[in-house]
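As structure tokens, the structure follows; a few thoughts come after it.
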Amino acid sequence: PEPGNHTLMTEFVLSGLSNHPELQNLLFSTFCFIYITTVVGNLLIFVVTVHPSLHMPMYFFLRVLSFLDISTASIVVPRMLVNFLSEDRSISYVGCATQLYCVVFLAATEWYLLAAMAYDRYVAICNPLRYAITMNSRVCLSLVLLSCCSGNVVSVVQTAWVFTLPFCGPRRINYFFCDIPPLIMLSCTDTSSYEKQIVAATVLVIVTPFGLILVSYTCIISSILKISSAEGRRKTFSTCSSHLVVVTLYCGSGTLIYLRPKSSNLQDTKKVLALIYTAIIPSLNPLIYSLRNKEVKEVLIRMMAETMNK
């Protein structure tokens with residue numbers, strides 16, 4: 001369309017995850033199960049890590065991570081489930097902007113939080129004698145607040161930029177939620193300068209924290225190799241490797257989506273990648289971060305036993 005020939009959008013239509021009617025019920029059942037697992041698993045971790053015996057910075061960060069994971073999944077998945085069974089897949093202009101703001105805010109905040117968690121593990125393993133002083137409650141709260149404030153700034157800027165673009169028909173978003181890449185593809189104007197700032201934001205929000213995480217884990221692995229006990233090395237490496245696996249998955253999916261925001265031939269691939277960070281990873285985090293942790297399992301068993309004895 002010509003730059004001047006654009007219409008005022010009052011709503012968008014989400015095409016959804018798949019256009020094959022025969023798959024809708026199967027997809028609904030699958031992602032309904034994943035969503036329930038996400039909510040129950042993260043709520044369980046949230047409740048368990050409040051226990052007095054787990055009053056440590058690592059578990060404070062895990063509680064915040066659980067909250068972010070539940071929130072991210074709840075912003076995206078229920079709407080996707082409704083669209084699997086409904087013919088009306090429309091979403092209002094304001095609703096779309098709100099969903100985009102929430103998703104970007106939660107994702108950016110989680111990235112900064114993951115960097116803070118990596119720093120926490122670095123101090124715990126590389127400077128254990130100073131751990132209690134360095135990672136005191138004030139520092140931990142400050143890191144979380146800084147993550148939230150940074151995520152909010154990124155989200156406000158990105159959402160404002162996207163929704164000041166002129167949109168023109170069709171109003172169909174080839175995605176299962178309102179995200180930056182499919183939205184800018186509906187714009188009538190040249191978005192090359194905006195695409196460059198998305199790349200810059202990706203570097204700031206994803207690549208930079210990932211680099212800091214890699215530096216932290218390089219130091220951690222170096223310290224692990226100095227541990228004389230084979231069992232000690234195994235236990236420490238197991239704890240850290242799970243964190244690194246999640247971060248790598250998260251980084252890979254986010255980077256591939258946003259470094260080439262207007263690549264139309266990757267739309268189906270981007271849908272799968274978006275599923276990883278909005279639905280799959282939030283469901284796996286409780287298992288990877290906490291339920292494999294001996295201390296968490298012991299507290300969970302103790303709490304279940306106390307509940308059954310009442």
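Cβ from N, Cα, C; glycine included.
Keep in mind that what you see is a predicted model, and the values were worked out from it rather than measured.
The annotation transmembrane segment is assigned in TrEMBL to 26-48, 60-78, 98-119, 139-163, 198-225, 237-260, 272-291. The annotation domain 'G-protein coupled receptors family 1 profile' is assigned in TrEMBL to 41-289.
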In contact by Cβ distance (the transmembrane segment (98-119), the transmembrane segment (198-225); 3 or more pairs under 8 Å): yes
Per-region confidence, the domain 'G-protein coupled receptors family 1 profile' (41-289) (mean pLDDT, whole number): 86
Residues of the parent chain within Cβ reach of the transmembrane segment (60-78), under 8 Å, 6 or more residues beyond its termini: 31, 34-35, 38-39, 42-43, 45-46, 49-50, 99, 102-103, 106-107, 109-110, 113-114, 116-117, 120, 137, 140, 144, 176-177, 277-279, 281-283, 285-286, 289-290
Residue numbers, six or more beyond the limits of the transmembrane segment (237-260), whose CB comes under 8 Å of its CB atoms: 107, 110-111, 114, 117-118, 121, 125, 179-181, 198-199, 201-202, 206-207, 210, 213, 217, 220-221, 224, 266, 269-270, 273-274, 276-277, 281, 284-285, 288-289, 292-293
